[in-house]
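To start, the structure itself, in structure tokens.
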Amino acid sequence: MEGWRGAWYVPCLASLETLQELCRKENLTCKSIGITNRSLKSYEVEYLCDYKVEEGKAYYLVKWKGWPESSNTWEPRKHLNCPLLIQNFVRDKNEYLSRGREGKAMKVRNHVKTLKPAIADYIVKKAKQRIALQRWKEELNRKKNHRAMILVENTVDLEGPPLDFYYINEYKPAPGINVLNGITTGCECADCPAEKCCPKEAGFILAYNKRKKLKIQPGLPIYECNSYCRCGPDCPNRIVQKGTPYSLCIFRTNNGRGWGVKTLQKIKTNSFVMEYVGEVITSEEAERRGQLYDNQGNTYLFDLDYDSDEFTVDAARYGNVSHFVNHSCDPNLQVFNVFIDNLDLRLPRIALFSTRTIKAGEELTFDYQMKGSIDLTSDSAEGLSPSKKRIRTVCKCGAVCCRGYLN
């Protein structure tokens, strides 16, 4: 229709399986989501909901993929060709039983004839969580712009993906803020670093050694070659701009710190690990949001205070893997200011480098007070206006040198 030419569209938030369920419920076909006349009656096990034994035969209550829960059916074990789903079912059942009531372990029986409703309910919740986390992992890996993989893991509780978090790869500036200052020149080096390479032009030394590891001290800036430089992608002065080279896992912590991030690969000392990105906002807006975040017990504001305190990065709603990195008073990551395609000293990019060798499976952490925020001890808070007084957040890092608070 002529009137639809100017229409705009938003992505559908419903999953493919949800849309398929609606089609099958209404007996409709839709080729774009895989529901044709031929597949309208196709059946694939999505997860197992319950278990019983009748007349010596084992049966599982099956949730069929792309079908509403009202279509669940009891199927004999011998008809099911889904060993992984059965394995997940048994593991979730045993996990629930082993926890027991009030923390007391219960003996796991493998030959029960029926499951209690509470156990079946837990198994279904775990199955739905597993599916939701898998979809989230796929979404994160679709949106990232680096080669390394992002995994997701929760073996602690029933928490699913965060509902109000959107993955981005670079700064998302608020209206009126320009994170690219229109740089139009670069170095002419055929083999960086040369006499007039980007760091030297800015009055600093090259930040990396021949092994592409950091060689400068904290507090000094990093100037990388930019998109106008003559050098190619293998230039030793292009590190942060390539994104994280390590596969990482967002995991649920078991000590009340929410989500965390661990590396799946060994990381050597002074290696670039990830960039901290989010919304770039004014410090005035950051103060307003900070009051709200403090009341929620969250900390996502990162002050860009290399040269001034005009801007802040807020990774609460928009961010990358760094959104989930926890604080530690004895961290294994260090913050550095980086300049690439924007030489505005008020708007550096924030890069996290390893301070020591980090083993595969180890959690990644940085010190939130590296941001340059005020350390609000009881003494220092006295001279601040009411708007500046913040609720102090208790630190749970567990380090021997723990300061007790995040702020």
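Quick reminder: no glycine exception, Cβ is built from N, Cα and C everywhere.
Not measured: the values here are computed from a predicted model.
Annotated in TrEMBL:
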type: BINDING; residues: Cys187, Cys189, Cys192, Cys197; note: Zn(2+) 1 binding site
type: BINDING; residues: Cys187, Cys198, Cys225, Cys229; note: Zn(2+) 2 binding site
type: BINDING; residues: Cys192, Cys225, Cys231, Cys235; note: Zn(2+) 3 binding site
type: BINDING; residues: Arg257, Gly258, Trp259, Asn326, His327, Tyr368, Lys396; note: S-adenosyl-L-methionine binding site
type: BINDING; residues: Cys329, Cys395, Cys397, Cys402; note: Zn(2+) 4 binding site
type: DOMAIN; residues: 43-101; note: domain 'Chromo'
type: DOMAIN; residues: 185-243; note: domain 'Pre-SET'
type: DOMAIN; residues: 246-369; note: domain 'SET'
type: DOMAIN; residues: 391-407; note: domain 'Post-SET'
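Gly258 (S-adenosyl-L-methionine binding site) sits 12 Å from Cys397 (Zn(2+) 4 binding site), counting Cα to Cα.
Cys235 (Zn(2+) 3 binding site) sits 6 Å from Cys192 (Zn(2+) 1 binding site), taking the C-alpha atoms as the reference points. The binding-site residues shown are Cys198, Cys225, Asn326; of these, the one with its CA atom nearest the CA of Cys395 (Zn(2+) 4 binding site) is Asn326.
The S-adenosyl-L-methionine site is defined by Arg257, Gly258, Trp259, Asn326, His327, Tyr368, Lys396, and by the 8 Å test on Cβ atoms against their centroid, the other residues of the chain that qualify are Thr253, Gly260, Val325, Thr365, Cys397.
Sequence-ordered, the extra residues of this chain that approach the Zn(2+) 1 site, with Cβ no more than 8 Å from the Cβ center of Cys187, Cys189, Cys192, Cys197, are Glu188, Asp191, Pro193, Ala194, Lys196, Cys198, Cys225, Cys229, Arg230, Cys231, Cys235, Asn237. Within 10 Å of its Cβ, the residue among the binding-site residues Cys225, Cys231, Cys395 with the fewest other Cβ atoms is Cys395. There are 20 other CB atoms within 10 A of the CB of Cys235 (Zn(2+) 3 binding site), with all protein chains counted.
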